[in-house]
Amino acid sequence: MSDSKEPRLQQLGLLEEEQLRGVGFRQTRGYKSLAGCLGHGPLVLQLLSFTLLAGLLVQVSKVPSSLSQGQSKQDAIYQNLTQLKAAVSELSEKSKLQEIYQELTRLKAAVGELPEKSKLQEIYQELTRLKAAVGELPEKSKQQEIYQELTQLKAAVDGLPDRSKQQEIYQELTQLKAAVDGLPDRSKQQEIYQELIQLKAAVERLCRPCPWEWTFFQGNCYFMSNSQRNWHNSITACQEVGAQLVVIKSAEEQNFLQLQSSRSNRFTWMGLSDLNHEGTWQWVDGSPLLPSFKQYWNKGEPNNIGEEDCAEFSGNGWNDDKCNLAKFWICKKSAASCSGDEERLLSPAPTTPNPPPE
């Protein structure tokens with residue numbers, strides 16, 4: 001009975017093929033090719049992945065590149081940083097490394113397109129958190145990729161704006177360098193260390209108006225001491241760094257300095273005294289105290305009780321006090337000018353910050 005079925009099945013197969021031809025269906029080469037591909041699952045996945053990546057690149061290329069339309073870039077960068085933060089927060093010792101590496105790659109590309117003043121505060125905060133997370137990475141992961149990323153990041157830092165958060169960036173780099181010293185003696189450790197040294201030097205060479213630990217205001221740099229000296233020694237401390245015990249030239253400068261002093265709740269020397277002639281107040285640069293500045297004395301001051309010949313910031317105004325008393329002090333000097341990239345590149349990098357000796 002099985003022998004009689006085979007001719008019948010062959011006849012049915014021929015009939016079905018004829019019917020398919022009747023409605024215009026043919027087994028084309030493309031159809032056969034697709035059938036062949038479906039037998040190779042990994043290859044199909046690769047083709048689909050390539051198609052998706054190509055579409056993503058097309059979409060990225062449509063992001064506006066002009067500075068006036070830079071907001072979309074900034075938002076994308078900020079989203080990438082947020083995703084990176086989330087990935088880092090979920091780290092176990094040997095997981096999520098591939099995701100972090102991919103996020104770092106995208107972040108590097110985004111930093112290269114940053115306008116000069118966009119999202120710097122957010123980037124700084126994310127870098128701070130990332131530094132802490134890097135210290136928890138397993139000993140052997142992605143060192144070669146990290147080395148390459150640091151090399152390219154150094155070039156990106158060279159394009160950062162000259163000011164904005166330089167002090168914080170410098171401190172973060174210093175701490176990161178110390179963390180690298182504790183890495184296991186694995187591949188590329190020496191190269192990573194050298195890259196960090198060069199990156200730190202590049203940040204130090206960025207043109208900045210004031211040295212580290214000084215405050216910039218209206219073309220001048222101010223150093224607020226953290227130790228105390230008498231009035232004469234305060235003058236010496238400022239002179240040793242090419243500055244002067246502060247001489248106030250305008251109402252705006254007075255308001256700025258008074259605010260700094262009152263916030264810290266400190267008694268602070270200024271460069272004003274009547275040592276040469278009682279009752280005739282004179283600045284350390286030889287200029288007299290203008291009548292319009294007398295309004296800044298506290299009520300009842302100066303009163304010269306017990307030979308009080310030197311002026312200080314006290315509360316919300318000025319007070320006269322004995323010059324031999326130890327108090328905080330403020331130094332002032334002109335800010336550096338930055339004429340362009342040539343001056344920035346030629347200026348030597350300081351080996352250490354240079355506040356007055358305390």
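Indices start at 1 and increase along the chain as displayed.
Using N, Cα and C of the backbone, Cβ positions are placed for all residues, glycine too.
Recorded disulfide link (Swiss-Prot): Cys238 to Cys331, out of the candidates Cys310, Cys323, Cys331. Record source Swiss-Prot places Cys210 in a disulfide bond whose other cysteine, from Cys207, Cys221, is Cys221. The feature motif 'Endocytosis signal', as given by Swiss-Prot for the ranges 31-34, 83-86, 99-102, 343-346, sits at 31-34. Look at the repeat '5' (188-211): DSSP puts its residues at 17 helix, 0 strand, 7 coil. Most Cβ neighbours within 10 Å among the disulfide-bonded residues Cys210, Cys323, Cys331: this distinction goes to Cys331. Listed in sequence order, Pro209, Cys210, Pro211, Trp214, Thr215, Ala243, Lys332, Lys333, Ser334, Ala335 are the same-chain residues six or more apart from Cys221 (disulfide bond) with CB atoms under 8 A from its CB. Annotation for the disulfide-bonded residues Cys238, Cys310: lowest Cβ count within 10 Å of the residue's own Cβ, Cys238.
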